[in-house]
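Novice: Below you will find the structure I want to go over with you.
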Amino acid sequence: MKVAVIGTGYVGLTTAVSLAMNGHQVTGIDLDASKVEKLRQGISPIYEPGLDEALKKVLDDGALAFYTDLTEAKDAEIFFICVGTPEAVDGTADLTYLLGAVSDIGKVHSLAPQERIVVIKSTVPVGTGEKVAGMLAGCQGVSVASNPEFLREGSALIDALEPSRIVIGVDNPQAAARMEELYNGVKAPRVITNRANAELIKYASNAFLATRISFMNELARLSTALGTDIVTIARGMGLDSRIGPQFLRAGVGYGGSCFPKDTIALLQLAAEHNIHLSILDKVREVNATQPAWFLEQLCLQLPDLKGKQIAVLGLTFKPDTDDIREAPSLKLIEELLQKGASVKAFDPIGVSGVSKQFPQITYTQSAAEACEGAHAAILVTEWEQCVQLDWKQVYQSMAQPLLVDGRNAWPHQEVKEAGFHYIGVGRS
Ligand code: UDX
């Protein structure tokens, strides 16, 4: 099918590449001319495993092309809207880019009217699909669908090619059939429903995952007080098939572009309908206080951080991405500096963003180098390069052998044997 994808960020680019890999003829549209120029050369503006190679392949095959002007895609049967819906000042989702894209589609449609579907992939408040349908009501033959994405950064391409489910919200069976045709061959359960349900499925999924994490983080605080082990507890819980093992890892809190933004947007949406989502409110509160709780654990061992050197290992909000949005590392570095510590940080690819915010700290070429002379090392992101270290060598190089593991990812038995004092999140 002929498909246009508007917006070439994480979601748009991954969607465009995966659709092209699945045999569709795809046109990627972005307003940013320099980005389009790079994409045409096969250079992805984001780091995402496998994406560069896949992008080059579909460009070479002629299955994907990029433009700044939407009229280049005037023959498209399907228009995907994948633009950002950032958090507005009041916490609601800002729909400026999305509504701009809808109005552009309306203009293009009038140049070349035909049966087509406008698909909203961006995460939007319930009712947005309805609003967009209203805006396009004068466009003969145009249907509006909601088709939320569930892509995890770091494995976005695999998630797009092998999704856990495909959720399609439509208001007519013809549009449902066309969307089924688009995903023909992709093995995944389908949920075909109305637009509002599809929109809420997205927010509810992210809010629930965030809830699991905050639940475990709060439980980890109790586990620390009791001297129990949260990793063993999570395993024991996760073996219950009703609970399942995923998203039970306690740590320094969730970050990224989705959970923080989507949880506040859902709270706001509910508030507009006079519903207080009290559990979600607490989820956010636990997440906001988790970095400070984590630093308290460090301070129990090093009460005065003034003049102490701390190694911060991992800066991105999770491994395998260059994304530092809402990364717990940012809060932790700020707190450490406020307490008078000096910081040496390492991340395989996340340094450039963080160094703009914190030019005063030292960035090293390796995790081991960050630990040299440190009074403590904290693990913030479980990159392999931060987890697999020569512990005996690191032990020799540190001023004080203290490891505080914010992801429960260091081999605690091995590091204890190497002589370290090891503290995890909720670990005995
Ligand atoms: C998330 C959703 O998983 C995805 O479906 C959605 O479409 C976009 O938002 P993403 O933000 O890329 O994806 O990352 P994810 O793997 O979900 O992790 C989010 C945060 O939670 C990270 O900071 C991660 O470190 C943290 N996390 C995750 C935990 O602290 N514990 C866990 O058990 C799992």
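A Cβ is built for glycine as well, from the same backbone N, Cα and C atoms used for every other residue.
In TrEMBL, annotation is done automatically, which means it is predicted and not curated.
Note that the structure is a prediction, hence the values are computed from the model and not measured.
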Novice: Need one residue: from Lys187, Lys261, Lys282, the one TrEMBL lists with Asp30, Lys35, Thr85, Thr123, Glu153, Arg325 for NAD(+).
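Specialist: Looking at Lys187, Lys261, Lys282, the one TrEMBL places in the NAD(+) site next to Asp30, Lys35, Thr85, Thr123, Glu153, Arg325 is Lys261.
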Novice: Phe150, Leu151, Arg152, Glu153, Phe247, Leu248, Arg249, Ala250, Gly251, Gly255, Lys318 bind substrate in TrEMBL, but which of Lys107, Lys202, Lys392 does that record place at the same site?
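Specialist: My reading of TrEMBL gives Lys202 as the candidate in that site.
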Novice: Taking the Cβ of Gly255 (substrate binding site) as reference, which residues of that chain separated by at least 6 in sequence fall under 8 Å from it?
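Specialist: Within the chain, Gly255 (substrate binding site) has Cβ neighbours under 8 Å at Phe317, Lys318, Arg325, Glu326, Ala327, Pro328.
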Novice: Filter the candidate list Lys35, Phe150, Arg152, Glu153, Gly255, Cys258 of recorded positions, keeping only entries whose CB is under 6 Å from an atom of ligand 1.
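Specialist: Once distances to ligand 1 are taken from each Cβ, Phe150, Arg152, Glu153, Gly255, Cys258 fall under 6 Å.
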Novice: Give the residue from the binding-site residues Arg152, Lys261, Arg325 that has the most other Cβ atoms within 10 Å of its Cβ, counting over every protein chain displayed.
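Specialist: Answer by Cβ density within 10 Å: Lys261.
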Novice: On the 0 to 100 scale, where does the mean pLDDT of the domain 'UDP-glucose/GDP-mannose dehydrogenase C-terminal' (311-412) fall?
Specialist: 97
Novice: Compare the C-alpha of Glu153 (NAD(+) binding site) with the C-alpha of each of the recorded positions Lys202, Leu248, Ala250, Cys258, and give the closest one.
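Specialist: Comparing Cα positions, the candidate nearest Glu153 (NAD(+) binding site) turns out to be Cys258.
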